[in-house]
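These features come from Swiss-Prot:
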TOPO_DOM  1-41  topological domain 'Cytoplasmic'
TRANSMEM  42-62  transmembrane segment
TRANSMEM  65-85  transmembrane segment
TOPO_DOM  86-96  topological domain 'Cytoplasmic'
TRANSMEM  97-119  transmembrane segment
TRANSMEM  123-140  transmembrane segment
TOPO_DOM  141-178  topological domain 'Cytoplasmic'
Amino acid sequence: MSEVRLPPLRALDDFVLGSARLAAPDPCDPQRWCHRVINNLLYYQTNYLLCFGIGLALAGYVRPLHTLLSALVVAVALGVLVWAAETRAAVRRCRRSHPAACLAAVLAVGLLVLWVAGGACTFLFSIAGPVLLILVHASLRLRNLKNKIENKIESIGLKRTPMGLLLEALGQEQEAGS
């Protein structure tokens with residue numbers, strides 16, 4: 001396996017402006033929609049990481065303690081999900097067959113814990129907000145030839161990226177190469 005590398009930042013023109021083609025996904029074909037989201041997450045991961053970082057920095061500037069608490073709770077919830085999936089076959093099957101439900105459960109547990117701790121609004125704006133915007137963009141953005149080539153290189157293992165490792169941990173490795 002090659003070393004993990006962050007891909008280059010995609011041009012703003014490619015990401016959201018001029019050449020960016022956006023279209024609503026077909027809700028009747030959820031598998032194709034899932035492939036589009038996963039492939040866009042892999043291709044634009046550096047741009048998404050930057051957007052997430054900016055959102056987190058803004059929330060951290062306004063409410064630093066609640067932002068740190070939000071990040072810690074979500075990280076622990078994701079860690080528990082990955083650990084449970086690695087040690088328990090039933091959880092692994094559930095995670096692979098219902099990835100959206102597992103992600104929603106992690107976010108719901110995070111929101112519940114933070115609601116009890118008083119940081120629910122900060123969680124919604126600092127973590128859930130940017131994640132929602134990233135998923136909306138990944139759903140709407142149509143793939144181009146360059147995107148498809150980069151994803152094939154990732155899927156055959158010639159290049160490893162942080163998003164590829166995250167998708168693998170969430171049980172989406174079989175989807176990522178499609």
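Every residue gets a Cβ built from N, Cα and C, even glycine.
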With Cβ-Cβ distances below 8 Å as the criterion, list the same-chain residues six or more beyond the ends of the transmembrane segment (65-85) that contact it, or say none.
56, 59, 91-92, 95, 102, 105-107, 109-110, 113-114, 117-119, 122-123, 126-127, 169-171
Counting only residues 6+ away from its ends, which parts of the chain sit with a Cβ under 8 Å from the transmembrane segment (97-119)?
63, 66, 69-70, 73-74, 77-78, 81, 127-128, 131, 170-172
Can you break down the topological domain 'Cytoplasmic' (86-96) into helix, strand and coil residue counts using DSSP?
10 helix, 0 strand, 1 coil
Averaged over the whole of the topological domain 'Cytoplasmic' (86-96), what is the pLDDT?
79
